[in-house]
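Novice: Pasting a structure below so you can have a look.
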Protein chains: 2
Amino acid sequence: MNDPPGSDEDFMAQALAEAARGLGRTSPNPPVGCVLVQPNGSGGEVVGRGFHPRAGEPHAEVFALREAGERARGATAYVTLEPCSHFGRTPPCADALMAAGVARVVVAAGDPNPQVNGRGLERLRAAGIAVQTGVLEAQAVRQQAGFRARMLLGRPFVIYKYAMTLDGKVAALEEGGGSEANGAVTGPEARARVMGWRNEADAIAVGVDTLLTDDPQLTTRGVVGGRDPRPVIFDRQGRTPPTARALRPGAVVVTAPGAEAPALADAGAVLLPAATLEEALRGLHDLGVSTLLLEGGPTLASAFAESDLIDEVRAFIAPKLLGAGLSPLAGPLRRMNAAGMLDMYALEQLGADILVSASVRRVAAEPTPSPRTGGA
Amino acid sequence: MNDPPGSDEDFMAQALAEAARGLGRTSPNPPVGCVLVQPNGSGGEVVGRGFHPRAGEPHAEVFALREAGERARGATAYVTLEPCSHFGRTPPCADALMAAGVARVVVAAGDPNPQVNGRGLERLRAAGIAVQTGVLEAQAVRQQAGFRARMLLGRPFVIYKYAMTLDGKVAALEEGGGSEANGAVTGPEARARVMGWRNEADAIAVGVDTLLTDDPQLTTRGVVGGRDPRPVIFDRQGRTPPTARALRPGAVVVTAPGAEAPALADAGAVLLPAATLEEALRGLHDLGVSTLLLEGGPTLASAFAESDLIDEVRAFIAPKLLGAGLSPLAGPLRRMNAAGMLDMYALEQLGADILVSASVRRVAAEPTPSPRTGGA
């Protein structure tokens, strides 16, 4: 994954790294990064960088242009998402790039927002700016998955994270006391990675059984500058104890319609009644959640799988054989040739453990990638 | 794993490749390879190669010395196992190396055979030959695992091979008609790898339920020069149909003591009555089986795991989510912090699938590696 220095891919990778600084902070907006490069003998010199820090603040392009100043003239702008063409809370970024005299714009992925959706690129081309798209598009689409699910599906993007033994078990049978009493599945490197994901997710979901067993904090620990995702507890009957550690202000408790849980409301929880998981996800969408990290347990994850609501899996596999135990999914019931297909996009070794990252292959979850267009 | 050309490791890797040609054919002897190298400016020139083709035929060193002829004088011999020092069916190889004027002997792993166990090396050193051990020892020990289990444990080395989805399922629930009717878990690259393992294993074990469901052939297909492993069917009550495709001459049916299965004996099967798995493995040992490839199903594998009789796992993981299904192991019942620990020695991508190869960490299964000794 090391792109040659000075290549379009190299600069776009830098723009993606900029964008990543906003992950978990920009919803309902997408995370976006921008790098401005003045061509020189050895490929180019970065003259400005920026990322979108949160909704209501300026877009990535604006920060990069501010840093570049006069040196934006004649530069190439690498932007992870098609520059906007409409007046939202800020003026259109396409116009700002044009006004600054940028000569070329390289874009990773098109903006599925119906208010943009190609119009930003058209506007740039009409102004005589060379436009190229599709550079590191797959990475950008994954980074923007929450925003894209918001635009295209009207619900959060759901990532199921689990850690299992090599014989496919996430926990022993009938263990009380949670992972601290009974031993974690994976090692410290895996745990650190999970903390990074929590820092980047809008919200983190667990079932009430996990809450009652483990009383997890669901916080981000050990990440410099990290912040906590919003806890979401799926708890049809309102059994969550008001003293649960995850019940910090803003925590959401998803209950069955009509379930009474005044003590939870008093404890600062947002009660979200929902008859189905789809309805719950629409409610989370309305609360501004674009990415949902589903951490368990298997009962909740199986319900998501039954409703085909898992978009990505991140599976740690520990070099252990447990024997009897709980599986990461207990449903739906289907035949092997009807199993849900995944596209693995990363296979890593983290300490002694393996991490498999894979997207759920689903028709119409994403628009077909925009064709590579234009170019200098 | 690419060793520098001309290094000790490079030549030992060639000797291991020679030895591999005998895998599945040498029992009760070990697979052994030998490469003779005349030193020259660029590291050395291979002047002889050999491997042990089967019990009763000459050892690897003899073939290599025959090929080298006079050019063995002053050469370095790379041997994957300590040369023997005793008269068996053939004269001692240590003596043959000395007689040929070999100047240096590099050995991968010591011979645990109590008749050898360091005496071969002593004999060489006493003759003034430089001896070095421990070169690619871990690979050699894995390659000789069957022989070592025979010597140290008095039973075959058991490799549990399975293919599961990323949610840990080897099969759907209540599927009739086997993998052909319901879709295989993994792709063609994984299947080809399994065929290579069958070619190298002495025997292949399945439970009678797998036999009744799938009627597998348990043969080696698509391997040039391949041969079939001996089928071993674990079938306490003798339910195997005499028409089962796996019942070729030499096939073993392990039954409960006292089970009557005259039709199976008539069909050419070897009946092996055994009260426990340990007893069954001792019986297979006596039949000359040193490596046993355990292919399923989960019920049989769980019984092996309950008795702590799995030595290695080779787990394919397919990028799929099944949901409800059968797990590779359903027992024993224990807590996560008592899970059996594995040492992963290879992580590969095969087509769309992942292959994890791992040794079961077990006290006293292997002697501690012999210290690196001597040297030129």
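For all residues, glycine too, the Cβ spot is worked out from N, Cα and C.
Computed from a predicted structure; not experimentally measured.
Quick paste from TrEMBL:
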ACT_SITE  A:Glu61  active site, proton donor
BINDING   A:His59, A:Cys84, A:Cys93  Zn(2+) binding site
BINDING   A:Ala163, A:Thr210, A:Asp214, A:Arg221, A:Gly297, A:Pro298, A:Thr299, A:Leu300, A:Ala301, A:Ser302, A:Ala303  NADP(+) binding site
BINDING   A:Arg198, A:Leu218, A:Glu295  substrate binding site
DOMAIN    A:6-132  domain 'CMP/dCMP-type deaminase'
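Looking at the shown structure, can you explain where the listed features end up?
Specialist: Neighbours of A:Glu61 (active site, proton donor), defined as other CB atoms within 10 A of its CB across all chains, total 30.
Remark: A:Cys93 (Zn(2+) binding site) has A:His59, A:Ala60, A:Glu61, A:Val62, A:Val79, A:Pro83, A:Cys84, A:Gly120 as non-local neighbours, by Cβ distance under 8 Å and separation of at least 6 in sequence.
In the three-state DSSP classification, A:Asp214 (NADP(+) binding site) falls within a helix.
Within 10 Å of the C-beta of A:Glu295 (substrate binding site) there are 25 other C-beta atoms, taking all protein chains into account.
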Novice: Tell me, by DSSP, whether A:Glu61 (active site, proton donor) is helix, strand or coil?
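Specialist: It is helical.
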Novice: Within 8 Å of the centroid of the Cβ atoms of A:Arg198, A:Leu218, A:Glu295, which other residues of that chain place their own Cβ, given that this set defines the recorded substrate site?
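Specialist: In sequence order, the nearby non-listed residues are A:Val194, A:Ala201, A:Ile204, A:Val206, A:Pro216, A:Thr219, A:Pro229, A:Pro231, A:Leu293.
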Novice: What's the number of neighbouring CB atoms sitting within 10 A of the CB on A:Ala303 (NADP(+) binding site)?
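Specialist: That number is 18.
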Novice: Write down the Cα-Cα distance for A:Glu295 (substrate binding site) and A:Ala303 (NADP(+) binding site), rounded and given in Å.
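Specialist: Given the Cα positions, A:Ala303 (NADP(+) binding site) is 13 Å from A:Glu295 (substrate binding site).
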Novice: Kindly assign A:Ala163 (NADP(+) binding site) to one of the three DSSP-derived states: helix, strand or coil.
Specialist: strand
Novice: Using only the residues recorded as binding substrate (A:Arg198, A:Leu218, A:Glu295), report the maximum Cα-Cα distance in Å, whole number please.
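Specialist: Maximum Cα-Cα distance: 10 Å.
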Novice: Count the other Cβ atoms sitting within 10 Å of the Cβ of A:His59 (Zn(2+) binding site), across every protein chain shown.
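Specialist: Excluding its own Cβ, A:His59 (Zn(2+) binding site) sees 28 Cβ atoms within 10 Å.
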